[in-house]
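Single-structure report; data block below.
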Ligand SMILES: Nc1ncnc2c1ncn2[C@@H]1O[C@H](COP(=O)(O)OP(=O)(O)O)[C@@H](O)[C@H]1O
Ligand SMILES: [Mg+2]
């Protein structure tokens, strides 16, 4: 038993031991299991990490592949560009080569031509040198000829110098003669002026107008066939006019008559406005010295009165009125230096049928009644309601004249040819005052374009009452003008005499300018036409009557205040 008990105790101890071992094994297993799970966790973590790393690697790899692809594409395109550039470069080079080849070709052509030129020049030179040799021989011959001529020339020169001496002597003689002639001319002028002084202050000029194309029946007619036989024999003083007329007597015989007239100056058809003015400029400017000056244009219609007085539009054709005005302004300007101050006024009137019209006015013609008033104290004349315009410049006067002209032509549409049936009187009054000496002067310049002097056939116009009245008033005023001038002449000779100024409006208007203190010029205008010969003779006789008159010696109107 004890042995069984010890065997049981042993068994038990073994069992315990085994149990303990089992338990240990179990613990050990647990540990191992735990360890295993740890390891598997670790493996799991590792797996995950590897997977992640793998993914990253994959991603990086892809990126690198893309980058590499891009780079490849870039490189490809760059290469393509470079290739293109290279190709273009090659083409350019090829073109350059072509151009150079062309240039070379041209140069070769040029060279060829130059060579040709050189060869031609060479042949020319050889020709020239041949010619030079020929010329040299010729020159030699000429040289000897020249020597011969030189001798001849020397001979001639000697002759010339002796002739020159003779010429000089002749020239001296001529100069002496010229001097003598000049002195004679001065003496003649002096005498001429003396005669003028003695003659008094009426001058008569005669001017014959040229034959106009409109005077001829056709442009082919020679002017001479229409002209009257008029001659101007006085080539020196131009004072004579000779008119020849031929008429048939009752017995059918041709009767020739020659009429001789003398005036202060006769102007031929070729004479210019400037030449006529030259003769009257001193007279015109004497109004600045205080004289009253009257210039009348007398003659039949169409004889050139208006041409002489007013003239044409150009500087060379302008007439006596614009020229005289210009001259007066010029003289007044020059006299300023001597202390003279001038005031100028203008008036332009028309006398038609013994009625005065104001050519510078605005009213209707023949409506306003203008009266002539004389002031015996100042010897001045005034026309009521007539415009007196202060004058500043020749240009202003020219425009005034144009206004007057247009007024006249407007009136002419109402009544035919009014300007040739009326007198026009342009008056420039000039009063001066010398600031140094206190002298005063009053003068006037009257420029009158008279109505046509033709005698109208009274029976022919009797049917027309207006025409008859016109004719009568023209005849009356022109003969009144003649009478006044004639009476003034007689007064000069015999002393006091009644002067019939009142017989016409014209003479009454000009009373103060037609007295002993005035200078008067009548320009007789003549037509050159044979058809007007009788009328011209009548005019010449009238003018001769005026010319034989003297109005004493003109006196300046100068007062000292
Ligand atoms: N000296 C002259 N030179 C050129 N033409 C002139 C001359 N005198 C007059 N005439 C011309 O003759 C024509 C008649 O002249 P005009 O002056 O009208 O005459 P009036 O006034 O006497 O009737 C006009 O055509 C005018 O231009
Ligand atoms: Mg006229």
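Counting begins at 1 with the first residue displayed.
Each residue, glycine too, has its Cβ placed from N, Cα and C.
TrEMBL: automatically predicted annotations, no manual curation.
TrEMBL lists 1-117 (among others) with the feature coiled coil.
Mean per-residue pLDDT, taken over the coiled coil (160-197), amounts to 81. Sequence annotations record features per position, and here TrEMBL assigns coiled coil to 160-197 (among others).
Per TrEMBL, domain 'Kinesin motor' is recorded for 201-549.
Positions annotated as ATP binding site by TrEMBL: 299, 300, 301, 302, 303, 304, 305, 306. A helical conformation is recorded for residue 306 (ATP binding site) in the three-state DSSP classification. Taking Cβ-Cβ distances under 8 Å and a sequence separation of 6 or more, the neighbours of residue 306 (ATP binding site) in its chain are 297, 319, 419, 449.
The 6 Å Cβ screen around ligand 2 retains 305, 306 from the binding-site residues 299, 301, 303, 304, 305, 306, ordered by sequence position. Residues 209, 297, 307, 420, 452, 525, 527 surround the recorded ATP site, their Cβ atoms falling within 8 Å of the Cβ centroid of 299, 300, 301, 302, 303, 304, 305, 306, which are themselves excluded. When secondary structure is read from DSSP and collapsed to three states, residue 301 (ATP binding site) falls in the coil class. Sequence-distant contacts of residue 300 (ATP binding site), defined by Cβ-Cβ distance under 8 angstroms and a gap of at least six in the same chain, are 452, 453, 454, 527, 532, 535, 536, 539. Ranking the binding-site residues 299, 302, 304 by C-beta neighbours within 10 Å puts 299 at the top. When each of the binding-site residues 301, 303, 305 is scored by how many other Cβ atoms sit within 10 Å of its Cβ, 301 comes out lowest.
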